[in-house]
Structures are given as C-alpha cells and as structure tokens.
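Novice: I'd like to ask some things about the structure below.
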C-alpha cells in the first residue's frame, strides 16, 4: 500500500498506483492549460490600450485564474513529489518511515567508509529510474499516458501479486553482508561478556 487518499476515498496501492499518478498528472496539466488560457485573456484585458471606462472585466475570469493557479501549484507540487517517489521506487509510507524514524532500528542500512563516516546503502527496491518507472507505469509511452492496466504485463510472474517485488541485488548483498557482520559482532561481544563473567567468578 502506498497511502490512503481521502480525496479518492480509497487506499492507493499496487493495483491503482499508476492510475492515481496519472490522474494527478492529468489534473496538473489541465490546471496549467486553464491557467495559460485564462491568464492570457486576463493579460489581454489589462494590456489592451484601447479599453475604455465602459469595458468590464468578467469576475468569472478572475476566479478561474485564481483557482487554476492555486490548484496548479498545490496539485503540481504533490504530483512532483509522488513522481520523485516513483522514480526512487518508494511508497509514501516508506518515505515517511525513513524520514521520521528517530529510533535506531534501521542502523543496518548504513555502511561505513574508511574514515568511519556513515553512508546509506540505498533503497532495496530502487532498480534505477527506467525500471522503477516501468514497474509501475508500464513498458511504453502509450502505457505511461493512457489509463490502461499494465502492471500484470510489466512484472515477472512471481511479482504480480502486490506482495513480492523485484529487489536491487547489489543493495540486497550489502544488507546481507551488514547483517552477517552484525551477527559476528554480537557473537564476539557475547563471548567477551561470558569470558569476563567467567573471570569474575
């Protein structure tokens, strides 16, 4: 699941994530187009040097400009954020969990360089921009633009259920290596603790 959307009154997830992003792109495009058209008309009204005192401005036009600008900015920022998450193969929940997780439960997702500085290993589901886009939106430009179901065609047979997903093998190997190192360190610390307890007795 990506998140629950109060505006669509449903959960956005594996089966409808593509359509949700497409609808946001359509809304942003429509608001941008409406802003251009209505803004041009409003500009023509004020830029025209020949208008007289008896000419009037339609209040509807002003409302359309204000609303289209507001929705273009608001929905556009949200769309850009979700496309950014899509290109990194994150869900909204994963992003929020990583951003606001102040506990140390994700310590295994870091590695240390030769100077002892932490470096993030990366997201295990990040397959690269093209593959991330293909996994959700489909294989072709037509599938990206048209609201047709493509998730079953663009995924491997074992990954069409919304539970199993392809992983980045390099990141997976690093995470496994970190887990092995952590287990080895835990064993060594336990042996050291047991030796200390044995020498105290």
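Heads up, the Cβ atoms here are built off N, Cα and C, so glycines get one too.
Here TrEMBL flags 1-98 as domain 'Palmitoyltransferase DHHC'. The feature transmembrane segment is assigned by TrEMBL to 19-37, 57-87.
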Novice: What residues in the same chain, six or more past the boundaries of the transmembrane segment (19-37), come closer than 8 Å to it by Cβ-Cβ distance?
Specialist: 2, 5, 8, 12, 64-65, 68-69, 71-72, 75-76, 78-79, 82-83, 86, 136-137, 145, 147
Novice: Mind checking how the domain 'Palmitoyltransferase DHHC' (1-98) divides into helix, strand and coil residues in DSSP?
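Specialist: Counting residues per DSSP class in the domain 'Palmitoyltransferase DHHC' (1-98), I get 68 helix, 6 strand, 24 coil.
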Novice: I'm checking region-level scores; what's the whole-number mean pLDDT for the domain 'Palmitoyltransferase DHHC' (1-98)?
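Specialist: Mean pLDDT across the domain 'Palmitoyltransferase DHHC' (1-98) comes out at 87.
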